[in-house]
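According to Swiss-Prot, the protein has these features:
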type    : residues                                               : note
DOMAIN  : 4-475                                                  : domain 'UvrD-like helicase ATP-binding'
BINDING : ALA25, ALA26, ALA27, GLY28, ALA29, GLY30, LYS31, THR32 : ATP binding site
DOMAIN  : 515-816                                                : domain 'UvrD-like helicase C-terminal'
REGION  : 538-559                                                : region 'Disordered'
Amino acid sequence: MSDKKWTAEQLAAITTRDTNLLVAAAAGAGKTAVLVERIIGLITDPHRPVDVDQLLIVTFTNAAAAEMRERIGQALSKALQENPHSKRLARQLTMLNRASITTLHSFCLDLLRRYFYQLDLDPGFRVADEVEAELLRLDVLEELFERRYNQDNVEVFARLVDSYGGQRDDSRLQDLVLELYRFSGSHPLPVQWLTSLAENYVIPEGKTLDDQTWIVQIKKTIFQEVEGVLGLLKQAQWLAKQPGGPEPYSKTLTEDIINIKPLTNNDWDASWEKLYRSITAIKWSKLSPCRGEIDDQLKNKAQNLRNKAKEKFNDIINTYFSAEPTVILEDLRSLQPLIADLAKLTIEFMELYQKKKQAKGLVDFGDLEHYCLTILLDKENDAAEFRPSAVAIELQQQYAEVLVDEYQDINAVQETILRLVSKKNNRFMVGDVKQSIYRFRLAEPKLFLSKSELYANTDNCQGTRIGLSKNFRSRLEVVNAVNFIFRQIMTKKAGEITYDELEELHCGADYPQAEDVKTATGPVEVYLIDRKDAQLEEQNTDSAEEKLTDGEEQEDLDSDQAEARLIGRRIQAMVKGTDKAMGPEFKVWDKEIGKYRPVSYRDIVILLRATTGRANTFLEELRTMGVPTYAEVGTGYFEAVEVETFLSLLKIIDNPRQDVPLAGVLRSPVVGLKASDLAEIRLCSKEGDFYDAVRIAAAADLGDVAVTLTKFLRQLENWRSRARRDTLADLIWLLYRETGYYDYVGGMVGGTQRQANLRVLYHRAKQFEATSFRGLFRFLRFVERLKDSGSDLGAARSLSENEDVVRIMSIHKSKGLEFPVLFVAGLGKRFNMMDLNKDMLMHKELGLGPQIIHLGSRVSYPSLPKLLIKQQIRKESVAEEMRVLYVALTRAREKLILVGAVRDLEKSLEKWCTSTYQAGWTLPDAELMAAKCYLDWLCPAIARHHNGHELRSLAKTEGQPFSEVATDPSAWQLVFQALKDIKNQTQENKEQSQGLLVKIKDMEPFEDAGLIKEVERRLSWQYPRAEVTTRPAKAAVTEVKHKFDELARQEAGVMSYRPKISGRPRFLQQDKGLTPAERGSAIHLVMQHIPLDKLPDEEGVQVLLQNLIQKEILLPQQAAAINPNHITGFFASSIGQRVLQAPKVERELPFSLALPATEVYQELPECGDEMVLVQGVIDCLVDEGDGFLLIDYKSDAVYPGQDSPVDRYRGQINLYARAVQDILGKPVKDRVIYLFNNGQIVHI
């Protein structure tokens, strides 16, 4: 076991054997380190050692799998270094490359390659690119619908199309089929699940609603909602009885409570008919008038609460009891044939799609898991019990343990696969259900929760639950803040899990105390922006809450701008300081250098719930303020003017009779006409399409315009001809060259980004043609499909994430990462519940919930199953949003800052402080589940803290919060900001800048406030070490090695003389073959790619050369220059044998090494701490456990009288060795130059 100090819980997770283990690892708990240590422990167990290829290690991304393999390799290398004579450890390192450390998709693909013959699959099958799969699905849908329309009996299908197809065509029904197909794929037996969907709507004559299995859940929902109404009435009654309260209201409120209370008795046996009669019979009396001295505030609050209760009760009636039970029953019966036909249509699509893929030798990502299940399930399997096949039993015997990372994100299909390849007690599952945020990918956190509850029972023998609650990431201030919030809001009912002692974080991070350094300690900052002056009217309907309007989009834009400006100012104050205190506000801990350093832009990250449509606003505002910012924006690509213009050009090459694209191209720099020219062209032919007008105008007497059009039409005809002959990628590159558009956009503002966007289009076209689809028309159709579905390619990257910039990313992208300073913005933005408005809802357990549509009257209303499913989806979505918030807050290492905007702070405060004085830690479940945004959780929780007194004061509430909550050790700093103040401040800055520019332009004097001297000081500043500025700050090893060589010769008393011999010009040489440098590069490429699993022979080298030519890694003339005997000679040598036997070999390994400037440039005077970055690439580095063997390849010819290779390359090799020792921390025990021309081994 490693020397690392493990906690007792970590040690248990590492060492516990012979049982299924579920490790609930909280954020920052070091789960990956524990997982790696467990694997090493299994391999090195002195009693029952396991080979690394006897482990199945499943991760959820390729990057995670690669990191896991690397970390296991490092741990094995370290173990081998401590025990260099262990043949077993050396063998484990050798086997590591073939070990099953993989994503589940890759595991399934490997199984398909081995057992394809069981599936009627072409052995040469390939996995379809998502683009190809999407296009194929569209083709299949069109063919399927065409078949359905041509069938004799289409009555049910026609009704299905009319009901759910959309207003103009059947596109919405096609989308519904695709959605249902994808959704069913998360079920282990999708066809059986689809077939069962209509069962909920089979209601025989004589049966009632009470005979339906789902009616009890509907009643439960109604009872809960009625309890919420009762709670509001009780709050109003309590206010009425307070001193100064509206006492006359008490009698009416008591009557209300007496009338409503019987409906909350959870009478499950009560018939729907009885429930209908009871609820619709409720009447509301008028409140008695209040006389005398009454507190108006208490009176208004009591009135508002009762009005809210009445509204909620009326909503219950309108939602569930708008029709007689007999009417509802008949409507449900009418849905059965529609649901059955929809399921049948989806199954037909599935089968036809499968046939098309098999015909093309394709599988898609959805197939991988289901094909794998087919292999692993016994052929006589039934749905009630998943029995393993012979292949599954064989795999069970092969794998000593199955280890699963991120288990909280598993789905039912994946769980079934893992169960089938596992023994009874050899599963190790690690994850954190509080971080399960992939519901949109159909992840099922309930699988984790059910195991957690089962294994937590000590009497259970199926497995053991171990909790890792120590957080080694965040400062105590962050840990306390997270615990304070989630103790109150994450309940079993609202968040699907109780945030108790088992789940809360315990601080384990060690941030050294620094008395002379200001660190990032201090309260969590919360900025609340009041949008009241935006003058946007509040919309109170449910539909307005769940559906964005244009007004809300404008509101979001204003909120984003305001938040960005506020954040920008806070960042500038952090990094640059303020007028009162210049310089960075605090220092952050840097693990790499082991000390505190000033906070910089790269330490800061801004998290948004989603970056789509929002990150660009933040980017624009922050960059305007001078804050360097980076965001990997997933949208905006198709809106980029250069992409739009070029797609228009491709469209008219495909079909020039498209008016809008044609006009766009003519107006663009590709042709360069003015708007007036376009008007003149249209006047030449007022009828017909614009292309005809262009042709007529080209032949008319229009001067330069006619000349330009003639040239363009000639080019267009040539391009259309090339489009029929050339590949799509070649056509696009030809257009870039011939139009000069690629170079043109490079000269525009943001030219680098624009050119990158055009390159993405070229590469996307290349990827498209690698599929089974071809042609410009299909490519354009695919692009339009992407646009219509709201998908995007994402703007190309033109800036590295590692630069000193503030990064903006989505919360989902941040998962698994950590940041010194974290802003979580957009906390007032509404949760996206738009999916709840669809005509058809689907749920994995409850089935389908359709809208009932009467085609004759076009009247529609939600069916009871839809209402149930809607409620369940909303509940699950709210729980997921709570987990998303948990992920966001736990990314912070040292400083956490929360920012949100609200429409009306006064109204929001009234809502937030409703339960401030409730006893106990948790807030009411009804209030938590009714949240519309993250602030609806954060602010009610903070209002109960002693730092939340401002929230309580502004809400005008009295009393003391629950003492245990109020005295919590977390610390909060609340800052209130009006939107108008942020806008005014920004406007003032603009006006000041504009006024200053006007005065400068008019050469008028202005008050400098000491600025002139400061400007003069900055402009006259000179670098103190002018000599250093004449030398490069970055150099390659080959550039500086001569300086070390010369120094070494001087120390040895050797002087070299190398006469300069000018080579003949290339055109005078008889042999125009490769230069020595080019031949050397070719040898390096071969040595980089040659397999090391066996001794290469001449035939093997020839095969490798052909493969490298096919992959365009090597040119044919380079391959011709390679002598296979030189390659085989290397591996036959003693050095080559050491390479083949080594457990780990790195080839073409790049490095960067910072050296003192005086060490590189000895002629310079003392340069203080000036450094030079030296970069190089090591040809071959062999890890032999106790040290490295460093090999440098040379293809130089050695002639008599020349310096020996030792003299020529000593400096270079010594630099390489120094870099290895400094960076990897292990000595280089042997330094070798291998000369390929004569097979000589030269030791340095």
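Placed from the backbone N, Cα and C atoms, the Cβ positions cover glycine too.
Projection of Swiss-Prot feature records onto the structure.
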residue : record           : Cβ contacts under 8 Å, 6 or more apart
ALA25   : ATP binding site : LYS31, VAL34, VAL430, GLY431, ASP432, LEU468
ALA26   : ATP binding site : ASP432, LYS434, GLY467, LEU468, SER469, LYS470, ASN471, GLU503, GLU504, LEU505
ALA27   : ATP binding site : ASP432, LYS434, GLN435, ASN471, ARG473, LEU505, TYR886, VAL887, THR890
GLY28   : ATP binding site : ASN471, PHE472, ARG473, SER474, LEU505, ALA509, GLU818, THR890
ALA29   : ATP binding site : ASP432, LEU468, SER469, LYS470, ASN471, PHE472
GLY30   : ATP binding site : GLN10, LEU468, LYS470, PHE472
THR32   : ATP binding site : GLU67, MET68, ARG71, ASP405
Inside 8 A of the center formed by the CB atoms of ALA25, ALA26, ALA27, GLY28, ALA29, GLY30, LYS31, THR32, which other residues of the chain have their CB, for the recorded ATP site?
VAL34, ASP432, LEU468, ASN471, PHE472
Counting across all protein chains present, how many other Cβ atoms fall within 10 Å of the Cβ of LYS31 (ATP binding site)?
21
Kindly state the mean pLDDT of the domain 'UvrD-like helicase C-terminal' (515-816) in the predicted structure.
83
According to DSSP, which of helix, strand or coil covers ALA25 (ATP binding site)?
strand
